[in-house]
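Participant: Pasting a structure here, questions to come.
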Amino acid sequence: MNIIRRNKMNISVIVITLMITATTMYFNVYRFKGYKVSIGKSTITYVKSKKEFNKTYKQLQSEIESKHRNVIIKKDFTLDKTKVEDVDMFISGDNLKKVMLKKLDIVADGFLMKSDNRKIAYVASENQGKEILNSVKDYYCKEAKLNSIKKTEIVNKIKYESVVVKIRNLYESSEIVSELIKYNTTAQIPFITVKVVGNTSKEQPIYPTTIITASSTLTNGVTKIKCEGKEGIKKVTTEIIALNNKTVSEKVLKSQIITPAKNKEIYVGNYKPVIVGLTNMNSPSRGSISSNFGMRWGRMHKGVDIAASFGAAISAVLDGTVAYAAWQDGYGNVIKINHGGGIETTYAHCSAINVKKGEVVKLGDKIGEVGSIGNSTGPHLHFEVRENGEPKNPQKYIK
């Protein structure tokens, strides 16, 4: 019996010791007193002082009411005494305000900002909306990189609709501006389109003009450069119209020469008439002659037609200078080359022109491509040779 009694006493001592240890551990772990902040059944955070919480809460209410009209707080916090294991679990000041703003269901009068009836953002006031638009305009003015701005305007129709909005859906103006610009960068139809009108002044090169002079002291086809020429510089003032950061119109207002260009001067020999005894005129394109020089269908055919595939190369038959490279009624795209001594060759119905007026070309240089442009029934090159304006039969001179 004594043994049983002693065992019971030992067990009681052990149980009591364990209870004391557990209680001590609990109070050691959860030793920081404070308050549990809840909304309904959900624990939101912990605060150290009820007084500090109420003070922060009132500050937040005051700040919200100073910025917004007809503020309504639909849910409220409850505070219950508690203990926590770590003092860092308590929050206060601005961090506490952020939690309140995030968790409280606060509504106020605001505006839905629309652009061409598309929703942009919720704003606290129309003034905030105007501030956002001005910031967007400022951004695109800088992007235009103009020397001076004449005018900026929002192309879209902006409207503001009165609404009751949750405070958490009202963002800072800078955030809304950033999102609008980001959207505009990739969107096919931007939310906001800013028209910017201004001027830019830039220095541009003046390309020298090539002056060709016939020389009776040089053999036909031989050229001699008298002066290489030199680019000049001009200052050009241009009016730019841009929509957002895309230029849609450019108009030159003024061009001021800073340094004049020096013309390139070339002598072209005409010692021997090109048309007489000419033996070095190659065919301007590969192909067979499909229509001869002379009367055709009751009308004078002033050249020959060379049948060739669409896009085939057209080459200069002699050295010379491009006198014309553009559209001509009936002939489509036309190239005319002045070879000096009154000789000119014409290449018509081109699908592409690879030279420009004033350019010096050499025998065999590619100047264009065969096409069927203008009055044409199929791809071919109409080729003419003229001496002092009079058409000559090219077949007499083509190898």
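Glycine too: its Cβ is placed from the backbone N, Cα and C atoms.
Quick paste from TrEMBL:
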type	residues	note
TRANSMEM	12-30	transmembrane segment
DOMAIN	192-272	domain 'G5'
REGION	378-399	region 'Disordered'
COMPBIAS	381-390	compositional bias 'Basic and acidic residues'
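Locate each feature and note its surroundings.
Facilitator: Within the model, the domain 'G5' (192-272) shows a mean pLDDT value of 89, rounded to a whole number.
Sequence-remote contacts of a segment are chain residues at least 6 beyond its ends whose Cβ falls under 8 Å from one of its Cβ atoms, and for the region 'Disordered' (378-399) they are 273-275, 278-285, 287, 289-290, 292-294, 300, 302-310, 312, 314, 317, 331, 342-351, 370-372.
Secondary structure of the compositional bias 'Basic and acidic residues' (381-390), assigned with DSSP and counted as helix (H, G, I), strand (E, B) and coil, comes to 0 helix, 8 strand, 2 coil.
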Participant: Quick one: DSSP breakdown of the domain 'G5' (192-272) into helix, strand and coil?
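Facilitator: DSSP classes over the domain 'G5' (192-272) add up to 0 helix, 58 strand, 23 coil.
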